[in-house]
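Worksheet: one structure, shown below.
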Amino acid sequence: MQGSSLWLSLTFRSARVLSRARFFEWQSPGLPNTAAMENGTGPYGEERPREVQETTVTEGAAKIAFPSANEVFYNPVQEFNRDLTCAVITEFARIQLGAKGIQIKVPGEKDTQKVVVDLSEQEEEKVELKESENLASGDQPRTAAVGEICEEGLHVLEGLAASGLRSIRFALEVPGLRSVVANDASTRAVDLIRRNVQLNDVAHLVQPSQADARMLMYQHQRVSERFDVIDLDPYGSPATFLDAAVQAVSEGGLLCVTCTDMAVLAGNSGETCYSKYGAMALKSRACHEMALRIVLHSLDLRANCYQRFVVPLLSISADFYVRVFVRVFTGQAKVKASASKQALVFQCVGCGAFHLQRLGKASGVPSGRAKFSAACGPPVTPECEHCGQRHQLGGPMWAEPIHDLDFVGRVLEAVSANPGRFHTSERIRGVLSVITEELPDVPLYYTLDQLSSTIHCNTPSLLQLRSALLHADFRVSLSHACKNAVKTDAPASALWDIMRCWEKECPVKRERLSETSPAFRILSVEPRLQANFTIREDANPSSRQRGLKRFQANPEANWGPRPRARPGGKAADEAMEERRRLLQNKRKEPPEDVAQRAARLKTFPCKRFKEGTCQRGDQCCYSHSPPTPRVSADAAPDCPETSNQTPPGPGAAAGPGID
């Protein structure tokens, strides 16, 4: 048996060698295989390296080469994100190294540095200056400059580096760094990172790494190996990285997280939001701020599992993403207070009024320690007290302040003192100025168009509504997340009283309102609060008076997210255009034009004509013709079709009485 098996094996091997020899004999070395060349291989079957065109991009102090094909992700829209991150990490390094007696030097900053910005003044140059502290005689200050290794500096990780642009910018623009780990799971991306590191001469600071970001962070859980700064900017949701991130960041370290899955966080898929972030998102006008608070809740919830908690420094909603900067601390006593920092949201589906219900209750005791217990609720009745509609339940979400205004002021002051440092400095100043004006203890907001559309009245101006709230002794502010937001500590009843008073100046035709509509029920109640719409000087915020760039319009076409990076992918612009072409005319029902809509509406009888109240006559978009009587099958004659009936055929309309 063994001999026969060996003989069969040798026979098959000889047959393969013979067939291969015949193939190469037929494929003459002098004649290249044109079919193989067309398929992307060499003339004799070997694989040829695919020619990839590369593009060089200069952003900040970095110069990056990346392939034009969509193999490595790069989005120029995120320049504001990267500029803001550099500014935040710089101030964080100033705080951390300042405690060690190390001063950082930022190119463009003067010896006298601004430390306080007086936002109450209209002149943007009116800033308080503070001289640097005098050192003791004979002492030499320790300094840290950009591009140099600081042995006591920050250990930074960029978990999803792609082309390495962000990490290289950290090395070239942020002082006080010990090392920067630029990690990515893609081999193509890591090769590009190595090339860009050599191109910018930052190999002494930036360390390329190829690994799964989660496993890399899990391997740095030890206190001595943790990172001082972790930056996560994934394509889509960062939910799968948060558990590892809260364990790998050092005590008091900085965690920078970007979420670009705004469709999920804004309430389009509440069940998906719950599976990723542990909270139900609601469709509301305040969805962008609620998205920020859901991300903060998710971070704090994951940190609590390891006796850690988060302290938000800055939370931004911009363009198509949200970005949060938090510090992570350890403390069992502080973790107990986390439940009282979260809240559920009861939102009326009719008028949009919302109420918050805290998950926990913290009360003080004579000994000085806080006592925690379950909260009592709910804060609403089954039906809305304003319009009688039902409530939707969302959350939990972070209900505490989402910004550290002192830290925001430091970043704003540094950017204002050195406007040439970033390309988007003007926008950073505008957004941070609005943030400093926000009410820190008031979650969520209403919008002008929401309030007016609910009762079908004209929209008051921003200054008129803000003045009415200020005259009623309520606080009011804008929100960086929405340009027509009204963030106020006034209850919903006071807001609707103000809108009732406004409606009296611009009356609504009550006969057009349904008795069950929110507008009818709200306007049927007389206001208890008499609103005063006289414009007040303090109703116009300082950032608006100074004309800062607070809410940037899209500067170019296709301003938004880019396609995901794919191996061997097409150029980003080409891929987007092909996607648009493939999706054209793929709707279930093509949009109808004006004539088609008018013809369709004419098939419906006019209800007001039946009641005798329609005054439009022939101009009415609905039909005034009497309904055609239906002919039952029993009453139909048995005679054949007459000559005046239309014979059936293509495009023939159905006769009277036929459904």
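Note: Cβ is positioned from N, Cα and C throughout, glycine not excepted.
Here Swiss-Prot flags Arg82, Arg166, Asp184 as S-adenosyl-L-methionine binding site, drawing on similarity to another entry. Under the heading Zn(2+) binding site, Swiss-Prot lists Cys348, Cys351, Cys384, Cys387, citing similarity to another entry as support. Residues or ranges marked as domain 'Trm1 methyltransferase' in Swiss-Prot: 55-499. Annotated phosphoserine per Swiss-Prot: Ser120, Ser517, Ser625, in sequence order. The phosphothreonine annotation in Swiss-Prot covers Thr628, Thr646. Residues or ranges marked as region 'Disordered' by Swiss-Prot: 537-578, 616-659. The transit peptide annotation in Swiss-Prot covers 1-23. If you look up Swiss-Prot, you'll see 600-627 marked as zinc finger.
Features as recorded by Swiss-Prot, highlighted on the structure.
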{"residue": "Arg82", "record": "S-adenosyl-L-methionine binding site", "contacts (Cβ under 8 Å, 6+ apart)": "Glu59, Gly60, Leu165, Arg166, Arg169"}
{"residue": "Asp184", "record": "S-adenosyl-L-methionine binding site", "contacts (Cβ under 8 Å, 6+ apart)": "Leu160, Ala161, Ala162, Val190, Ile193, Ser209, Gln210"}
{"residue": "Cys348", "record": "Zn(2+) binding site", "contacts (Cβ under 8 Å, 6+ apart)": "Phe354, Cys384, His386, Cys387, Gln389, Arg390, His391, Gln392"}
{"residue": "Cys351", "record": "Zn(2+) binding site", "contacts (Cβ under 8 Å, 6+ apart)": "Cys384, His386, Cys387, Gln389, Thr454, Ala492, Trp496, Pro518, Ile522"}
{"residue": "Ser517", "record": "phosphoserine", "contacts (Cβ under 8 Å, 6+ apart)": "none"}
{"residue": "Ser625", "record": "phosphoserine", "contacts (Cβ under 8 Å, 6+ apart)": "Pro605"}
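Applying DSSP to the zinc finger (600-627) sorts its residues as follows: 10 helix, 2 strand, 16 coil.
Each of Val349, Gly350, Gly352, Ala353, Glu385, His386, Gly388, Gln389, Pro518, Ile522 belongs to the same chain as Cys348, Cys351, Cys384, Cys387, is absent from that list, and has a C-beta within 8 angstroms of the C-beta centroid marking the Zn(2+) site.
Confidence annotation: the domain 'Trm1 methyltransferase' (55-499) carries a mean pLDDT of 90 in the model.
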